[in-house]
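This report refers to the structure that appears directly beneath it.
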Amino acid sequence: MTFEELQTTIGVTFRSQELLKQAFVHRSYLNEAKDIRTSNERLEFLGDAILSFLTSEYLYQTYPDSPEGMLTNIRSSLVKTTSLSTIAQSLHLGDLLFLSHGEEASGGRTNQSLLADVFEALLGALYLDQGIEVCREYLTKHLFSRTKDIVENKAYVDYKSLLQELIQQSSRLSPTYVVVKSEGPDHARTFWVEARSNATVLGAGQGKSKQEAEQQAALQALEKMGKI
């Protein structure tokens with residue numbers, strides 16, 4: 001993947017190629033590149049705000065009868081790290097990252113957190129170079145198209161909160177989540193988690209992050225209890 005190919009893929013030609021490249025400069029690279037002094041962190045900050053606003057706007061307009069809590073949960077599912085990193089991988093954004101040798105060796109190009117960050121930084125650069133409407137079109141194509149599956153599969157539901165409410169109806173204790181196993185390199189680790197109450201295993205789940213595994217464990221617990 002080259003910067004020219006990326007621009008063809010997203011259908012945008014940047015007026016400032018330097019701004020585009022800045023979106024891919026990880027802070028670790030500054031220690032090794034004397035001619036580059038600015039990382040992508042400020043662009044990421046800007047992109048995060050734009051992402052939140054445009055996603056909120058889209059959901060508000062698309063689901064006019066949905067309550068605030070549901071919209072908030074759907075938005076969280078859309079913009080979470082695993083979601084953004086998946087899109088970044090599909091666009092091969094990791095190929096273009098400027099990384100230090102150490103970050104490169106530790107698998108930085110496939111690190112979910114770094115990929116989510118560069119997705120947001122690219123959005124920030126898009127806004128500065130092209131304006132809000134291009135950002136809206138970009139997200140509509142690459143992110144908002146995933147909303148239907150999230151809603152239909154109820155992937156936005158916070159199963160941990162549901163389980164906690166259920167447990168606390170009969171006990172003041174909250175369920176706990178214990179990582180029982182993890183495998184794989186740091187940038188691509190899989191976690192196995194058990195949801196427990198009073199040392200009793202209520203459910204188990206696995207995921208690419210502890211949070212995902214906890215949600216899956218809570219979901220299994222609710223299913224075993226006949227609540228879903």
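Every residue gets a Cβ built from N, Cα and C, even glycine.
Features of the protein shown, as given by TrEMBL:
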type	residues	note
ACT_SITE	D48	active site
ACT_SITE	E120	active site
BINDING	E44, D117, E120	Mg(2+) binding site
DOMAIN	3-131	domain 'RNase III'
DOMAIN	158-227	domain 'DRBM'
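Look at the domain 'RNase III' (3-131): DSSP puts its residues at 94 helix, 2 strand, 33 coil. Counted with DSSP, the domain 'DRBM' (158-227) comes out as 28 helix, 24 strand, 18 coil. Cβ environment of E44 (Mg(2+) binding site): D117, V118, E120, A121, G124 lie under 8 Å away, each six or more residues apart in the same chain. Within 10 Å of the C-beta of D117 (Mg(2+) binding site) there are 26 other C-beta atoms, taking all protein chains into account.
Highest local Cβ density among the active-site residues D48, E120 belongs to E120, counted as other Cβ atoms within 10 Å over all protein chains shown. Confidence annotation: the domain 'DRBM' (158-227) carries a mean pLDDT of 89 in the model. Apart from the site residues E44, D117, E120, the chain places the Cβ of N40, E41, L43, F45, G47, D48, A116, V118, F119, A121, G124 no farther than 8 Å from the centroid of the site's Cβ atoms, the recorded Mg(2+) location.
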